[in-house]
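Asker: I'd like to ask you about the structure that follows.
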Amino acid sequence: MNSYIYKEEDWEIVETLKSNVFKVNNKNNIVLNGNSFKTCILKIIINKDKNVWKEGQVLEKLKNIDSIVKCYGWCCNKHTTYIFIEYINGYTLEEYVLKNHPIPEKELSEIIEDLIKSLASIHEIGVIHRDLKLENVMFDKESNKWKLIDFGLSFSFSPSNDGSKCYTQCGSIGYIPPEIKLGGQCGRKSDIWIFGCLVIKMLGGELEETEIQIDGASFNNNNNKPNIWIPKIPPHASKFLQNFIQKCFFEEEVLRFDSITLIDHPFLSLFKSKGNMLYLIQRGHKRWMDITQKKKGIKIEGKTFTFEDNDNKEPFGPGIVPDGTVELIFKKTFNQRLIPGSIPSTVQILDFGVDGDSFFNQEMDDDLFLDCDLKSLTLGNAFTHTLPYFGSLCYLSLGRNRNALQNLPPTLETLKYYGEVQTDLNIKSIPHVKNLLIPFNNHSIIIDTIPPTVKYLAWGKLKDLEAIETLKNLPPSVNDLTFSCPPDVFDKIQRKHIPDSISIIIINQHVIELKNSDNSETYLKDNIVC
């Protein structure tokens, strides 16, 4: 807090911006916290609770980020708090959109990149904005930067937390994320939903709302739950931009992309460095699966134990893995027999090698995991035994064992299988899968065999044009699609073969730009990005 005592005669009101917010001149050259300035924004807040100067405290925390509006200081008396904020000579993003609509996507990508980097910076420090909208973004003509302003609804918390303990419902109509409407916790991912709404407004779209479902249950007034809505993405947005926005709108907060992952989204590279888009897409998928499914809400800092490769053939017994271990990693050559008590009950993530590359092939008895609440399991190609049933498993990576797709729990959200599926998938056994990776499966896609929750599908080879035409059997939930095909088949694939729900597609390791065009006869080979 500043030692300055507010005096009305020190300030000349130049303009009333909104209720109790003014542009003022510093008549007597008051210096606040070493800050000299001629003009500023003065916010006057009637003291009703102990957090009336919260915005000043938050801005002080963010003072070293040059894309955030500065706070010069604040002071209080018995009834009122006065906050002195940097005056930005420029215009709001709302004004810019109204004047320049439609904004070319190249320029949109530059603005979006600036803003998502600003958001990542405040999230890293431990601040959520909670009121991102066009009028709360300003272009500063002096610094030539877009800046986030108005942190009046912001919340500050420990950067080590995934979210905050802020349960208050606030924000602008149409921007409010599902978790807040449901009375839940507000965190970093809430800002991501709101950011997606902001991008829609940048496109000139309206926040028209369409009912969605969460965990298969429709929320409406008939079951005493708040209405849950997802904004409609303007159809004129390019497919890459649509995909960016889709990543902001996962209904379940933990599954939503975070600001760091969004910085690497291919839409932001489309106009400057197309050559690395394949790498960015693949890295983004892996990071998303690792953070949101493999390590979903699990605190592993200082609780990881890696067992190095060795030639020991003796059984792997109790006492080797430290008590309290949460993430247990065996290197790929490990193939000792595990005996009851060797896996601590605290283990939630268990890896044998990396995605198919492991020598481990010992039977895993149920007794081995009696007290474990395993959430993630990775097994390699060598594993040939029946998979035990793990009722809480969210992430499962399996080698090419043909019998391994048994005992799958309904809790699975990521399923990686490096064999060839011999029978149709039973979608009822995996009703919540978001990521389905079966890259060595060489069959056509049969209707009703891909769960309607899948967002990312990595298929194997579609051997001919007839198989390509089975892409129409994909559920509309699939946004990201990867598959391979013979070169002569690739040359024949047209835009009409790809479902409209697909916004990112990789074929034979080529990133293809799906044009928004009425010309369904366009060949995909003519739109290779990299």
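Positions of Cβ are set from backbone N, Cα and C atoms, glycine also.
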Asker: To which of LYS43, LYS54 does Swiss-Prot also attribute binding of ATP at the site defined by LEU17, LYS18, SER19, ASN20, VAL21, PHE22, LYS23, VAL24, ASN25?
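Answerer: Candidate listed by Swiss-Prot for the same site: LYS43.
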Asker: Per residue, counting other C-beta atoms within 10 angstroms of the C-beta, which of the binding-site residues SER19, ASN25 reaches the highest number?
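Answerer: It comes out as ASN25.
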Asker: Among all protein chains shown, how many Cβ atoms are found within 10 Å of the Cβ of VAL21 (ATP binding site), not counting that one?
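Answerer: The answer is 17.
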Asker: Give me the CA-CA distance between LYS23 (ATP binding site) and ASP131 (active site, proton acceptor), in Å, as a whole number.
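Answerer: LYS23 (ATP binding site) and ASP131 (active site, proton acceptor) have their Cα atoms 21 Å apart.
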Asker: In Å, rounded, how far does the Cα of SER19 (ATP binding site) sit from the Cα of ASP131 (active site, proton acceptor)?
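Answerer: Rounded to the nearest whole number, the Cα-Cα distance is 18 Å.
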Asker: Please report how many Å separate the Cα atom of ASN25 (ATP binding site) from that of ASP131 (active site, proton acceptor), as a whole number.
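Answerer: ASP131 (active site, proton acceptor) has its Cα 27 Å from the Cα of ASN25 (ATP binding site).
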Asker: Which one, from the recorded positions LEU17, LYS23, ASP131, has the smallest tally of other C-beta atoms lying within 10 Å of its C-beta?
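Answerer: Sparsest of the recorded positions LEU17, LYS23, ASP131 by Cβ contacts within 10 Å: LEU17.
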